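A quick write-up on the structure given underneath.
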Amino acid sequence: MTTFLRDTATVFTREFTPSLRNPTTLVFEMLQPLLFLFLFGSLLKGATDTSWQWFVPGILVMMCLTGPMGSGYNLLTEAIGGSLERLMVSPLNRTAMLVGRTLKEMAVLFLQAVLIILLALPLGFELHLAGVILGLALLIVLGVGLGSLSFVLALKSAPDGTMFYLVTQWALFPLLLLSGVLLPVDSGPAWLRIVGYVNPVKYLVDAQRSLFSGQLGDISVLYGAAAAGLVALIGLYAGTRAMRKGI
Amino acid sequence: MPIISARGLTRSFTLKRKETVDAVRGIDLDIEDGQLVAFLGPNGAGKSTTLRMLTTLLPPTKGSATVAGHDIATDPSGVRARIGYVGQKNSAGENYRVRDELVAQGRCYGLPIPQARRRADEVLDMLDLTKMAKRRPGTLSGGQRRRLDLAIGLVHEPKLLFLDEPSTGLDPTSRAEVWSHILRVREEIGMTIFMTTHYLEEADAMAERVIIIDNGRIIADGTAEQLKNDLAGDHIILTTPDAARAAELTGGEADGATVKLRVPNAPAALPECLRTLDAHEIKVTAAETKRPTLDDVFLALTGRSLADDDVPA
């Protein structure tokens, strides 16, 4: 266990160091969701009777989808370049390799979340701290799972990586649209709502919205936690298995 | 106890349409501590696949091996902690500064941060890379990149180092430079080196033991000298107007005005050969001896030339 924690810290530090060396990239990573929040959020506010309470958690879930996919892309470039091979020959714990990488994305997500919440406060966002903390914890669990799945995809797509781009581009939009992150699914036709039920991201979005409005006991929180846990389990299982099979 | 010991190591790959390719077909191998071993063979012979199995990157389909005292299948972490590996591609990630990668590498092997930093500085110095510490790998020359790969493989001071085509793709000057570093580091640390190469001269000049692999099987194993003497032998080439008779007398083969004969030790056999021909009043206008190359060995074993295949993978 101590080896696992040490190795996770090692991988996390390695991933994070380039951002510290070149903070400009970090600044742009911060700006992107903010742009989204203000441009899209303002539009949406005029169109429906939704609130920041509804929109902020959605933005965070959206970033929790794109962030881990980004870390899969990093892994793909490392697989193509050769540095992944060198890390695989080292005694690093295999699960720590998956978790440490995703935690870097999660750290960025955490910073983004703090920034968004701070900026949304004067616009009328109500802060329920316990709910927000619990919500972010759930996102970390989901992120680790999604990150691992995107690593599996990256490993399968090496050496050319075409499959990685195809699948991530293809999967991202249905997952987002059918989760109700940007637009409410409940107002859509019946078939759309049914498809939404098999989308784990939808449960996460519902759970986040309950948590961010302070309803910690809502049943949707339980469903969201179960969905995140399931994605994490499947992701870590598939990820470590893929690495054991050799690269 | 040998530092590498393999029995019946086999690996096959399943391609699409259920086709299987047997990359390595039952390799037995014992490598003694401290040796510099060259694993030589044409592209696709199974060199890298064998290396990837020994370094735990790829599980074998059949067979077993212990490396540095640990079983590759049951205790891969035990193997990983004790070996160094420099692959064919670049070991350093493109996003990272040279020194950051070296420190990270030390951390991967469990070194505490201060020790990882100290080792990073030591290997930078050892491989003449101190000035490059803050650069990114993409800004280095080919030779510098290869030295960085070596530095990364040496951070944790392994007793056994695997090198996969260490000098492929480098110009002759960089190759010589990389080799002088490898040999010096080996002198200093006294480690075992197991390397794959398809450069014949490299295997011939550097390795204490040459293992030739073809089509997934080991076809020859020994010192370069032994292999050349046993499997190819020396040649004497004579130029004479009476090649046919000269060939008859010496037991060689005539080809136009030259006679070529295979002997165990050409410099020792040449005077005797000349005296015989002289006694029969055959005039020899030119005589030369030729030592075999490892390519002659490969040619003698397989009927193919390794040099034909000398294209970087």
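Numbering starts at 1 and runs along the chain as it is shown here.
Heads up, the Cβ atoms here are built off N, Cα and C, so glycines get one too.
Positions annotated as domain 'ABC transmembrane type-2' by TrEMBL: A:20-246. Residues or ranges marked as transmembrane segment by TrEMBL: A:26-48, A:54-76, A:107-125, A:131-155, A:162-183, A:219-239.
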Stretch-level contact, the transmembrane segment (A:54-76) and the transmembrane segment (A:162-183), CB cutoff 8 A, at least 3 pairs: yes
Stretch in A:107-125, A:162-183, A:219-239 most in contact with the transmembrane segment (A:131-155), if contact is a CB pair under 8 A: A:219-239
Folded-back contacts onto the transmembrane segment (A:219-239), same chain, C-beta under 8 angstroms, at least six residues removed: 94-95, 98-99, 134, 138-139, 141-142, 144-149, 151-152, 200-201, 203-211
